[in-house]
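Engineer: Okay, here's the structure, questions in a sec.
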Amino acid sequence: MNKKSVRDVEVSGKRVFVRVDFNVPVENGAITDDTRIRETLPTIQYLIENGAKVILASHMGRPKGEVVEELRLTAAAARLSELLGKSVAKADEAVGEAVKAQVAALNNGDVLLLENVRFYAGEEKNDPELAKQFAELADLFVNDAFGAAHRAHASTEGIAHHLPAVSGLLVEKELAVLGKALSNPDRPFTAIVGGSKVKDKIDVINKMLEIADNVLIGGGLSYTFFKAQGHEIGKSLVDNEKLDLALGFIQKAKDLGKNFLLPVDIIVTDDFSPTANTREVGIDSIPADWEGIDIGPKTRELYADVIKNSKLVVWNGPMGVFEIEPFSHGTRTVAQACADTSAYTVIGGGDSAAAAEKFHLADKMDHISTGGGASLEFMEGKKLPGVEALNDK
Ligand SMILES: Nc1ncnc2c1ncn2[C@@H]1O[C@H](COP(=O)(O)OP(=O)(O)O)[C@@H](O)[C@H]1O
Ligand SMILES: O=C(OP(=O)(O)O)[C@H](O)COP(=O)(O)O
């Protein structure tokens with residue numbers, strides 16, 4: 001990476017404003033997955049050990065510039081404190097006199113977590129005044145919020161214009177792993193693209209056709225391709241505006257000599273529920289009033305085989321509605337194949353990561369990205385504003 005990291009600058013005795021992504025799932029006030037907090041520990045521990053005064057800032061949810069009690073970072077502070085094995089002070093605001101006083105009271109090695117930065121309307125607007133207020137709290141800015149690196153907000157981008165600005169160790173790691181997949185991949189390189197957000201995934205499929213050897217399509221995306229090819233797709237998910245583009249991708253794969261695989265069989269259902277009737281059908285036999293919900297057994301076998309024979313696998317998006325048990329087999333098979341293969345496996349996207357967790361296979365993957373949107377945008381070749389704003393080496 002051509003950006004400076006926290007290791008490239010002096011931090012001892014400095015007030016360091018660290019943007020993290022503690023946007024973790026919470027149910028009834030309890031954190032249900034603390035991955036994003038655990039992944040920032042290397043940076044926070046590095047700063048503590050090197051005598052910095054650590055000021056952490058994060059967003060949580062989308063409170064749209066207002067205080068929303070359920071979106072306070074109180075539970076995150078408590079969990080961080082447990083994980084660090086030391087007390088973490090928590091501010092009730094993110095800027096202002098009380099926060100300044102809390103910062104002034106910090107000793108070297110102390111940690112203070114500010115309140116949700118999205119309680120301020122200026123955050124998402126990248127208001128220069130708010131960015132300045134954040135900057136006034138510190139001597140150095142460290143961005144370790146990979147999950148929010150695609151956002152140009154006051155605490156991710158604006159602040160970098162007022163302070164020396166470097167990356168944290170998580171951002172550095174994410175960029176190194178995802179960057180390798182893009183620029184110097186081990187081959188055969190297999191990209192698996194599934195999920196339901198056709199519009200969001202189009203650019204990623206396009207990019208993967210250029211850089212991967214095998215592109216496997218699954219999930220709700222598949223039906224736009226099937227419809228474009230003239231198949232009956234019943235009530236399956238489709239994006240009618242992308243039919244020509246889908247045909248274009250099939251042609252592009254041929255022109256580039258890439259192995260572009262669509263499901264050869266699927267599971268259809270007559271109702272979106274765990275007790276619904278299901279059938280395995282070929283892609284030319286989808287009943288008009290049924291819905292495609294998962295990849296079928298032949299496709300599972302085919303995809304698992306490709307994954308097994310790969311050296312690098314990048315997976316984004318589930319193969320079916322894995323949240324409902326009878327429709328989870330395709331996603332489970334792909335997750336298991338990723339766990340078993342000797343290939344280096346990279347998982348991006350919240351739902352694919354959640355699927356790996358659900359099947360207790362997450363620790364068998366080589367890299368699970370902490371950013372869904374951010375990893376997609378990075379893989380599409382877009383610039384991430386939270387990274388671009390950092391100081392060059
Ligand atoms: N055939 C399908 N029909 C409808 N929804 C699907 C289908 N296959 C997968 N899904 C849904 O897609 C969702 C995930 O899509 P997406 O957000 O694009 O993935 P990710 O978060 O991994 O990027 C899951 O909730 C899953 O239930
Ligand atoms: O959860 C996040 O994004 P993700 O679901 O794309 O990984 C990040 O915290 C960014 O949040 P945002 O999409 O509200 O800006």
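Quick reminder: no glycine exception, Cβ is built from N, Cα and C everywhere.
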Engineer: For the substrate site that TrEMBL assigns to Asp21, Phe22, Asn23, Arg36, His59, Met60, Gly61, Arg62, Arg118, which of Arg7, Arg15, Arg151 is also named?
Structural biologist: Arg151
Engineer: Need a hand: TrEMBL gives Lys201, Gly292, Gly349, Gly350, Asp351, Ser352 for ATP, which of Glu172, Glu174, Glu323, Glu377 is also on that list?
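Structural biologist: Candidate in the recorded ATP site: Glu323.
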Engineer: Taking ligand 1 as the reference and 6 angstroms as the Cβ limit (strictly under), which binding-site residues among Arg118, Gly292, Gly349, Gly350, Asp351, Ser352 are close?
Structural biologist: Gly292, Gly349, Gly350, Asp351, Ser352
Engineer: Which binding-site residues among Asn23, Arg36, Arg151, Gly292, Gly350 have CB under 6 Å of ligand 2?
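Structural biologist: Near ligand 2, sequence order: Asn23, Arg151, Gly350.
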Engineer: Using DSSP and three states only, what is Lys201 (ATP binding site)?
Structural biologist: helix
Engineer: Would you list, in sequence order, the binding-site residues among Glu323, Gly350, Ser352 whose CA lies within 10 Å of the CA of Asn23 (substrate binding site)?
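Structural biologist: Checking each Cα against Asn23 (substrate binding site), there are no hits.
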Engineer: Quick check on the binding-site residues: of Gly61, Gly292, whose CB has the lowest count of neighbouring CB atoms inside 10 Å?
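Structural biologist: Relative to the other binding-site residues in Gly61, Gly292, Gly61 has the fewest Cβ atoms within 10 Å.
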Engineer: Taking the Cβ of Gly350 (ATP binding site) as the reference point, list residues of the same chain whose Cβ is under 8 angstroms away and which are at least six residues distant in sequence.
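Structural biologist: Set apart from Gly350 (ATP binding site) by at least 6 residues yet with Cβ under 8 Å, we have Gly372.
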